[in-house]
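Student: I am attaching a structure below and will ask some questions about it afterwards.
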């Protein structure tokens with residue numbers, strides 16, 4: 001018991017008192033806006049939608065910038081590009097105002113943001129190789145569109161936002177379908193508004209009327225946006241751009257409703273099929289960007305936001321990607337679930353990306369998919385993911401280097417693995433030979449230039465014929481400061497594959513500057529370290545090369561993402577002058593975190609990475625079947641002396657609550673079923689019904705001692721081909737989680753036990769901890785029940801029980817089952833049964849009736865505690881039933897919450913699901929039988945054997961499949977009630 005209580009107490013401690021630090025701290029800036037909303041009553045008629053009484057559509061206008069939504073004739077004024085915001089679970093239509101306001105600010109230049117500046121940010125030079133003179137300044141935008149005036153495509157935004165009356169989409173599958181149907185109605189209505197506007201028809205300045213809308217979805221709103229194409233009222237080709245914020249694409253966040261899981265399967269089946277068909281509209285036109293706030297999102301595990309498993313397995317970047325906000329340029333912070341819609345740094349980037357892809361001259365009102373994805377990659381991803389693409393696709397114009405130019409310096413050499421910053425102090429052109437890189441297989445070059453020096457420097461890559469590419473546009477700002485306050489560095493990493501294609505790296509300094517900061521480092525890219533959970537328990541040392549300024553460590557890991565790591569750093573007391581930092585990076589999903597050594601508040605860094613997410617399959621390209629993430633260590637100031645990696649137990653326990661919270665609704669039921677099956681079998685064999693507290697004490701002892709090897713056996717058998725075939729085809733009676741992902745991921749499908757892969761010590765450690773925590777929940781309920789009984793017995797005076805009369809009554813009931821059955825069905829009970837069945841069929845969900853039955857059985861058990869002798873079989877039997885029923889209650893609570901919310905919003909409308917009265921009728925019968933005073937007899941029968949088999953399957957299902965199919969645990973108990981009724985009669 002001590003171990004169970006210790007683990008539970010440490011979990012509570014980590015949840016309440018262990019805080020995120022360094023790069024994991026949220027640093028969102030405050031925002032200001034002047035919102036106004038115009039309710040579009042045209043959609044609120046049954047002609048347009050059948051959800052008119054429940055859902056609404058609004059048009060957002062930023063006061064002082066946007067034009068009024070209505071003219072003098074009370075007609076809607078729209079003349080921009082339609083964007084639709086879909087709120088998430090219990091979300092408000094007002095959550096879209098932050099992004100909407102920023103779009104208006106940008107377009108109307110309130111924040112000094114104009115499109116010339118946007119173009120200049122990606123500016124490069126175009127040279128004429130014949131006379132070696134600058135022809136004109138152009139931008140990356142011009143390359144994409146091949147348009148002399150790219151501003152012709154821009155237009156203001158008409159920002160629409162949906163009001164779902166704060167419905168609980170994550171709890172209820174039918175609610176998700178209702179919202180998706182309403183979204184389709186709204187899209188048809190919005191597009192109709194433009195067609196009905198006489199000022200837009202044949203208007204060359206506006207362009208063709210829109211045929212699609214841009215979707216921005218938050219949380220479950222992103223899933224709603226992916227649902228709309230599978231419905232009958234979908235307007236063909238009406239969406240081509242989806243930007244989702246903290247949306248659970250990978251898997252359902254809750255598994256208490258079977259319909260929700262089936263909808264997820266339908267959605268993923270549809271998108272996988274479309275994305276893998278290279279001729280489909282979706283593969284050739286639809287872009288899908290998933291943005292997640294990372295570890296501080298305590299509502300949704302960030303692992304669930306991965307979109308890659310449903311994209312094309314061969315070319316996932318053709319249509320989208322998942323990116324963490326901590327790695328987005330100028331955002332650089334983790335963001336919690338609600339703040340992701342208003343965080344100032346992120347909303348500016350999202351608004352910028354939307355404005356970057358619009359094109360009023362197109363019927364879709366967006367640019368083509370290839371160009372769209374180029375902008376998204378440039379804006380959201382780290383530059384190392386973009387530079388190879390840009391160079392290989394000639395996004396920089398060629399020119400011939402003029403060797404007769406003034407101050408031309410023919411060669412600059414590396415000193416060790418670095419080029420000293422003082423080298424570039426004078427005006428001139430500096431040439432760095434790249435020929436040596438063709439002799440090495442793993443060397444990269446990292447260029448770090450402060451923003452002030454960047455204004456007077458041009459950087460070129462040149463081939464053997466002195467034809468050069470200007471690559472200034474590929475540099476991106478990084479969250480590393482110079483010694484001057486407010487001045488950032490810009491950074492570009494040139495990969496070895498890129499360097500092999502060129503002969504020289506040329507840097508042209510256009511003015512003398514003794515304070516220029518250009519740091520160029522060469523580093524090896526083959527340093528890999530295999531992380532071992534056993535070594536991490538005691539501290540695994542990471543070797544640091546003190547002879548180089550920059551190095552990258554590739555950490556090969558089979559560790560699940562639920563394991564947090566602690567990187568302990570020993571450093572000198574010298575000041576940081578050159579912006580030393582540690583960068584953590586991961587590809588697909590794209591996650592970057594920056595740890596600035598001068599701002600570290602502790603002598604360690606907590607590392608978490610989505611390289612091996614729970615329940616989400618992964619792609620592994622190396623033979624060792626390790627996933628990997630990188631640590632890029634800039635030790636230019638040589639202040640790091642050593643580093644040690646270990647397990648961060650405090651943060652790991654904090655992550656377990658978020659990652660495995662569904663397990664705490666399933667695994668405890670399995671433990672309660674073990675108690676019940678043992679007590680029942682003992683009673684059938686001996687006639688003695690074991691007390692609940694003594695049985696649980698034995699179970700806890702065996703779990704503590706044998707739980708670890710039991711987890712090993714389960715994990716091992718889960719990957720034996722024959723056993724896995726039996727599990728998936730014979731014992732999984734649901735199969736809604738089959739083939740949720742495209743074929744490239746199927747070979748790495750996680751097991752259903754706790755969503756991991758393999759039998760590593762880290763997996764077994766997590767499994768064991770989850771078992772102990774689940775056992776702690778059962779311990780809490782058992783002690784509450786027995787504690788109340790103890791208090792009652794302490795004050796209860798000795799009395800003669802009616803124990804003998806009960807036996808006599810049971811004996812008569814066994815001899816004449818027909819008479820017992822008649823005793824059960826009194827007029828009062830028949831009326832109650834009729835009312836309950838009619839209520840379920842016509843209005844309320846069966847889950848509500850179940851909770852009423854639990855309350856009824858709780859009161860009846862409390863009555864037995866007062867009237868029955870302590871330890872009597874009937875009392876212990878009812879206590880065990882109560883324990884099972886209480887543990888199953890959380891499965892029904894979300895549906896009840898949805899029901900009461902709908903009741904509050906529109907009580908006249910019947911609940912649209914969960915009306916199968918057979919899903920609660922056996923439990924009603926069980927309650928009637930128990931409250932009639934009936935008790936099972938200590939003799940074996942066909943019904944007792946059926947009950948034992950059902951309990952065994954409940955145990956198996958709760959442990960193996962229950963975490964991702966929690967709702968079905970309830971139905972197994974409903975099935976168990978049938979055999980228990982027959983045992984009672």
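A Cβ is built for glycine as well, from the same backbone N, Cα and C atoms used for every other residue.
As annotated by TrEMBL, domain 'GPI inositol-deacylase PGAP1-like alpha/beta' applies to 77-356. Annotation comment: TrEMBL describes 663-983 as domain 'GPI inositol-deacylase transmembrane'. Marked as signal peptide by TrEMBL: 1-23. According to TrEMBL, the feature transmembrane segment maps to 664-684, 704-727, 763-785, 833-860, 881-901, 913-930, 942-961, 967-984.
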Student: Give residue numbers and ranges for long-range contacts of the transmembrane segment (763-785): same chain, 6 or more residues beyond its ends, CB-CB under 8 A.
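Tutor: Same-chain residues near the transmembrane segment (763-785) but 6 or more away: 1, 3-5, 7-8, 11, 533, 560, 562-563, 653, 656, 660, 663-664, 667-668, 670-672, 675, 692-693, 696, 699-700, 703-704, 707-708, 710-712, 714-715, 753-754, 756-757, 861, 879, 882-883, 886-887.
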Student: Rank 664-684, 704-727, 833-860, 881-901 by Cβ pairs under 8 Å to the transmembrane segment (913-930) and hand me the top one.
Tutor: 833-860
Student: Residue list, the transmembrane segment (833-860) vs rest of chain: Cβ under 8 Å, 6 or more residues beyond ends.
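Tutor: Residues 878, 881-882, 885-886, 888-889, 892-893, 895-896, 899, 910-911, 913-917, 919-921, 923-924, 927-928, 930-931, 970.
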Student: Name the range, of those listed as 704-727, 881-901, 967-984, that has the largest tally of Cβ pairs under 8 Å with the transmembrane segment (664-684).
Tutor: 881-901
Student: Taking residues 6+ outside the transmembrane segment (704-727), which of them lie with a CB under 8 Å of any CB in it?
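Tutor: Non-local partners: 3-4, 751-753, 756-759, 763-764, 767-768, 771-772, 959-960.
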Student: I'd like to know the mean pLDDT over the domain 'GPI inositol-deacylase PGAP1-like alpha/beta' (77-356).
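Tutor: Mean pLDDT for the domain 'GPI inositol-deacylase PGAP1-like alpha/beta' (77-356): 86.
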